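Now, the feature entries from Swiss-Prot:
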type	residues	note
ACT_SITE	LYS13	active site
ACT_SITE	ASP138	active site
BINDING	PRO96, MET97, GLY98, GLY99, GLY100, ILE101, GLY102, GLY103, GLY104, SER105, SER106	ATP binding site
Amino acid sequence: MSVQTLTLPSPAKLNLMLHILGRREDGYHELQTLFQFLDYGDELTFAVRDDGVIQLHTEFEGVPHDSNLIVKAAKKLQAQSSCPLGIDIWIDKILPMGGGIGGGSSNAATTLLGLNHLWRLGWDDDRLAALGLTLGADVPVFVRGHAAFAEGVGEKLTPEYPEEPWYVVLVPQVSVSTAEIFSDPLLTRNSPPIKVRPVPKGNSRNDCLPVVARRYPEVRNALNLLGKFTEAKLTGTGSCVFGGFPSKAEADKVSALLTETLTGFVAKGSNVSMLHRKLQSLL
């Protein structure tokens, strides 16, 4: 009997650096960024149904079901594969929305990979990543599941192998609008491209940080507090702020001091996502 239910992780990501090279004619920005995963994230549970209905059973405040990337991913995969089956989906949500750690994109990728497995479609990662790109620029890296240097709008991926420290991640209670940051006139848009691999350690700058810190005092405060213990960085356009530590004990110690006033968590960096490790264990 085939497996009809499946629970999969939906990991967070960090942008270890983010350089903006310029704006394209279509309005998108040319980027260079380095993605790494965290062993921390949401959890999605899927149950196959035979009537073709796609049903997300978890409510998201302010997000209509049909606008949710989970539902969009499921419907696109169903349509493009001509699959007659449907799916029930539940999510245990812990990743913040608008945090810059890839919550929605990761959920979409977990949905594509989970349904590909449950519906027995046999799609490879290239095909799933191409579909994922139509949902968002960050979806392909979650589909492929390996730390990567990304170019273009974030979709041209080259595997990378950065160190895997323990991270303290702070979550300022504010949702940052990516569109707002990328339209800010003071945003740096002319960083010279990095042409050396692996990415040199000195290139850890995030071009969005000055704009986000100026617009959002909550983010600026988190950067200042974490910066007392380690180099504090912004992931994506925020709002989440992170810093690396060589051991869990050190990360836990700093986190305990900071989370008295700020929300945050400790997680291990990983160059292979916990989603892909789980899928490999099912083979």
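Cβ atoms here come from the backbone N, Cα and C positions, even for glycine.
Features as recorded by Swiss-Prot, highlighted on the structure.
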| residue | record | DSSP class |
| --- | --- | --- |
| LYS13 | active site | strand |
| PRO96 | ATP binding site | coil |
| GLY102 | ATP binding site | coil |
| ASP138 | active site | coil |
Residues within 8 Å of the PRO96, MET97, GLY98, GLY99, GLY100, ILE101, GLY102, GLY103, GLY104, SER105, SER106 Cβ centre (excluding the ATP site residues themselves):
ALA12, LEU95, GLY236
If you count other C-beta atoms within 10 angstroms, which of the binding-site residues GLY100, GLY104 is the most crowded?
GLY100
Measure the Cβ-based neighbour count of ASP138 (active site), defined as the other Cβ atoms within 10 Å of its Cβ.
26
C-alpha spacing of ASP138 (active site) relative to GLY104 (ATP binding site), in angstrom:
9
Compute the C-alpha separation of GLY100 (ATP binding site) from LYS13 (active site), stating it in Å without decimals.
8
Go through PRO96, GLY102, our binding-site residues, and report the one whose Cβ sees the most other Cβ atoms within 10 Å.
GLY102
Using Cα coordinates, what distance in whole Å links PRO96 (ATP binding site) and LYS13 (active site)?
12
